[in-house]
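Working notes, beginning with the structure itself.
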Amino acid sequence: MKICGLIGKDIHHSISPKIHNEYYKQNHINFKYKLFNMNKNELIEFLKVINEKEYGGFNVTIPYKEYIINYLDELTYPASLIRAVNTISIRNGILIGHNTDYFGFIYSLEHWKIKVEGKDVLILGSGGAAKAVYYALKDLKVKDIDIAGRNVDRISKTFPVVRSIININNIKSLYKYDIIINCTPLGNINNEVMPITLKDFKDDLIIYDLNYIPEKTKLLLDAEDKGLKAINGSIMLEQQAYESINIWNLNT
């Protein structure tokens, strides 16, 4: 049996083990999925033994999607473009980084029948998930993308081609946007706050929060109260998980 799992910090709430282990059982895959909750020093030590034969592959989440690239041997597309990894496969002792968030996000838009071509989009956040969403939206030919976060200098270096970069605390109006996507951890079970206040917006604005625990974050509840379409990241999570499993199966 191969051990697979999720590498991250403060991930005790994750439903990834449930998704993976149920899929393994239904499809007779000899994997077992566990949580690897660790700080940075523990991660560095773990990466020294990560390519041992007992391990089949890993997912990576906050706060290591970008940091872990320093310890990988190869990156596949689109991880090589996005510069963020949420899946690691192991082939003959070689650690290979992948990004299945990109594909999971695109699938979720199709699932929810959200058309983004020609739309104005605001992305909240500038981490690994935000980068996957950004490149997916560019490939889907959105009209314009604005990025909002707290570190404007970091955003300008990470996202060189956007319409505007906004300090998340200085957002005055949302009226220009067709879709707002929260890619920050703000709103999840560890930090149940609103990333922004919903005000001055279009009647058909769509709010997409990548967080999935709680099922309805304060942002999504506020959006629903205002009559807006509000969706969470559960479908994206499930699809990126299935993409990861396919990668691991091909490499074991």
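Here the Cβ of each residue, glycine as well, is placed from N, Cα and C on the backbone.
Mean pLDDT of the predicted structure over the domain 'Shikimate dehydrogenase substrate binding N-terminal' (6-88): 95. Residues or ranges marked as domain 'Shikimate dehydrogenase substrate binding N-terminal' by TrEMBL: 6-88.
Within the same chain, residues at least six positions away from S14 (shikimate binding site) with a Cβ under 8 Å of its Cβ are L6, G8, L35, T61, I213. Under the DSSP three-state reduction, S14 (shikimate binding site) is assigned to coil, being neither helix nor strand. The annotation shikimate binding site is assigned in TrEMBL to S14, I15, S16, T61, N86, D101, Y212, Q240.
According to DSSP, K65 (active site, proton acceptor) sits in a coil region rather than a helix or strand. Other Cβ atoms within 10 Å of the Cβ of K65 (active site, proton acceptor) number 27 in total over all chains. The feature active site, proton acceptor is assigned by TrEMBL to K65.
As annotated by TrEMBL, domain 'Quinate/shikimate 5-dehydrogenase/glutamyl-tRNA reductase' applies to 115-185.
Counted within 10 Å of its Cβ, the other Cβ atoms near S126 (NADP(+) binding site) come to 25, all protein chains included. The annotation NADP(+) binding site is assigned in TrEMBL to G125, S126, G127, G128, A129, L210, G233.
Proximity to K65 (active site, proton acceptor), judged by a C-alpha distance within 10 Å, picks out none of the binding-site residues I15, G125, S126, Q240. Note on proximity: among S126, A129, G233, the binding-site residues of the record, the Cα nearest D101 (shikimate binding site) is that of A129. Of all the binding-site residues in the record (S16, Y212, Q240), the one with the smallest CA separation from G233 (NADP(+) binding site) is Y212. Counting residues of the domain 'Quinate/shikimate 5-dehydrogenase/glutamyl-tRNA reductase' (115-185) by DSSP class, helix then strand then coil, yields 22 helix, 19 strand, 30 coil. Compute the center of the Cβ atoms of S14, I15, S16, T61, N86, D101, Y212, Q240, which mark the site for shikimate; besides them, the chain residues with Cβ within 8 Å of that center are L6, N59, G233, L237, A241.
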